[in-house]
Amino acid sequence: MALLSLRAILLTVAIVSTFIQSSWAKPLGTGIHKHHSLDTWFLVTEQSSYVISAAGNGYLVNMHWGKRLTQLDDLNAMVVEPPVFSQIIPVTEAREELPVFGGLRYRENILKVELPKGIRELNLQFAGNANITDKTKLDLDLRDGNRTEFLVTLHYEIDIENDIIRRSYTVRNGLDDRVDLSKASSAAWHLPYALGWDEQRELVTLSGEWSQEAMVQTTRLSPGVKHTVESTRGFADHVSHPYFALAQVPNAVNPTTDVYFGALAWTGSWEITIHTDTKGFVRVTGGIHHQDFGWTLEPGESFTTPVFAAGYTDQGIPGARHRMPRHARKYQKKNVATQKDENVFHPVLYNSWEAVSFDLNEEKQMALAEKAAPLGIELFVVDDGWFGVNSPRDNDTAGLGDWDTNPKKFPNGLKPLADHVHKLGMKFGLWFEGEMVNPDSDLYREHPEWVFHYDGVPEYLSRTQLVLNFGLKEVRDYIFEKVAGHIKEAGIDYIKWDFNRPMQGVTMHNYDRNPQEAWVLAVEGYYEIIARLKERFPHLWFESCSSGGGRMDLGALERTDQVWTSDNTRPDARLFIQYGASLWVPPRMQYGWVTDSSSDKSIEIPLSFRFHVSFMGSLGLGSNINKFSKEQLEESTHWIALYKKLRHVIQNGDLDWLVPPSRVGELVAVTESIYNDGDEAVILAFRHNSPFPDSGELSPIRIRHLDENAIYRVTIWQEDPQNPVDEYDLSGALLMYRGLELPSLNKGMFKSAVVWLQRA
Ligand code: DGJ
């Protein structure tokens, strides 16, 4: 492709905008619109516009992504053409929607294929077909000019009220020969050019590790530096979560709070890259990790990438924090039958894993259930350790894969316990880790070939277990029938599905296709099991767990009822974890358990503080209630009752962090759940430590999103769930502009408060 004609990509953008200016001056409504004569599409959400055009020589480029354009004339001002010298290559600079490997493209690409005759370069242009459905979906076909049978269809779907665009694409092989994909990321996003040299962008990512999930990391973008966040472990992982936000850093003269943010809907290995140059060109790409990825398309076959959803807000990180969780919840409601009704709340659950670990049997669990029910618990979950006949699951070295009830622990199966739990008025839940097997298990002894492995290569254990190949139908069918059998027989209402080690040896045997497809097949196998279980048992709730928060990506959020955020239930640690996870996980999907946990036994954290931290999403209890005093049991009952009074606000509202948790200085954190256009709010305030006398005081907390003209009833609880420490009326204006005072939090360690604001 000659340099000159590629340069035209950018020039054309400028020409197109002139056309538009004169042809269409009517304000645009929300939805997807095509220009009446040009190959230009406008994706308009409530507060943003995303404009793409192939109107030049057919290369599909982004013309605008940002605040909503009210007139198409506005476009003219949006187009910037960088200068072209011999070393500046237009197609590399172009904001291509699908930058491929090939031609003079030297920035991050998102699609690499091997065509017949070993050709590995592509050149895709708009093929003339565009399809808009329901004003919210757009499909655009791109073809490789010389190979008209190689077709890529870009998919766009807009979430109008959350200002989010969902992107993916399908590659179709219409050639007579096979095509091999070695990279198929879902989307490339382009941010507007920087306004000036002093303009800075801050990248927000979420990297941590097991028991320290979703730590918010911030990095300034530097010209020429590429950032990658990723998981190569076969699952979404704790080490990073598939999310990014890019925030404009406001300065004294430019107070902008523009934020671009996105999340990947993929529960396997993934990567997101962010690259910037000296001109402030920022490209974000993301999708399935290309390391060891491979997919072969035989003639007539196609491959569709997972969704990469991204949005824009001018309301800073708080705006992004409202939008992505709402988006996840919207698609959860769409896809998950048990989640459709707003008025069905997540039950208060009890799980004894932290209290008794593997030490469980029918009698002990029944006794716990009898203690849990009067506290107000609505769901009783039996965790790891209930199964294994020849290799009993008494610790984590044996039994995984043998999904038969341990006859010593449950001599009559699970039904008596499930019936007992039901009789006590609670739902019954059970733990599985269906994709795993211990070598010490009947399943592995019978089917060693069912685990991911290479012949002759060691099978590396992690948590003494191996990963089953869920790409194999016979494996999925076997596990499905085992799980389904228990659900039917015992009457199980809820499944906690765990995944406790990374993948290795990922390949297919006796498979007449590309063995590298295993990475994708394994994830699809997980999705299939969820879908099959939910189809067979429409009432069944499904929790996505993975050694804590290793599986809480958008793909899991859109298919399941809830996620387990972290194995670290120490409440002060949990504040940081919940702070990060709340960037994309809807509040109701995020469970917090009140436990006895603290890595430092010398620290006494009051029960009230533990409950208040767990109030932030859906509430669980994981303490050893056998050891609770009468007072602790009573206190728990009242906290649970209070939570139930407030949960419509917490579970259906939006979460804001009025004070983010900080590791230095004032160790405080304050959240606000805001509900129904400011009718009600719940404030959770924590002041957990300050080494400095007369410092670390909570300043008046300025509440957000209230009605300034309304009067609110303010009720405050601290250590006693039955007796509020204060109750009074204040105007919305005062609460928002002067702030709520909580002076009693300023003395002592681990102080906290729950505040309920109700429009009078
Ligand atoms: C890891 C989970 O995160 C825990 O909650 C618990 O279910 C254990 N696995 C059981 O092995």
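Heads up, the Cβ atoms here are built off N, Cα and C, so glycines get one too.
Per TrEMBL, the feature signal peptide maps to 1-25.
The C-beta environment of TRP210 (substrate binding site), restricted to residues of the same chain at least 6 apart in sequence and closer than 8 Å, consists of HIS238, SER547, GLY548, GLY550, ASP567. The substrate binding site feature in TrEMBL is assigned to TRP210, ASP383, ASP384, ARG463, LYS496, TRP497, ASP498, PHE499, ASN500, CYS545, ASP567.
Here the Cβ of ASP498 (substrate binding site) has 23 other Cβ atoms within 10 Å, regardless of which shown protein chain they belong to. Taken from TrEMBL, the feature active site, nucleophile applies to ASP498.
As annotated by TrEMBL, active site, proton donor applies to ASP567. Other Cβ atoms within 10 Å of the Cβ of ASP567 (substrate binding site), summed over all protein chains shown, number 20.
In the domain 'Glycosyl hydrolase family 36 C-terminal' (670-757), the DSSP tally of helix, strand and coil residues is 10 helix, 38 strand, 40 coil. Residues or ranges marked as domain 'Glycosyl hydrolase family 36 C-terminal' by TrEMBL: 670-757.
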Just counting, how many other CB atoms are there within 10 A of the CB of ASP384 (substrate binding site)?
20
Can you list which of the binding-site residues TRP210, ASP384, ASP498 have their Cβ under 6 Å from some atom of ligand 1?
ASP384, ASP498
Restricting to the domain 'Glycosyl hydrolase family 36 C-terminal' (670-757), what is the model's mean pLDDT?
92
For substrate, whose listed binding residues are TRP210, ASP383, ASP384, ARG463, LYS496, TRP497, ASP498, PHE499, ASN500, CYS545, ASP567, the greatest C-alpha pairwise distance in Å:
19
Measuring CB to CB from LYS496 (substrate binding site), give everything in the same chain under 8 Å that is also at least six residues away in sequence.
ASN351, VAL381, ASP383, GLY429, LEU430, TRP431, PHE432, GLU543, CYS545, TRP564
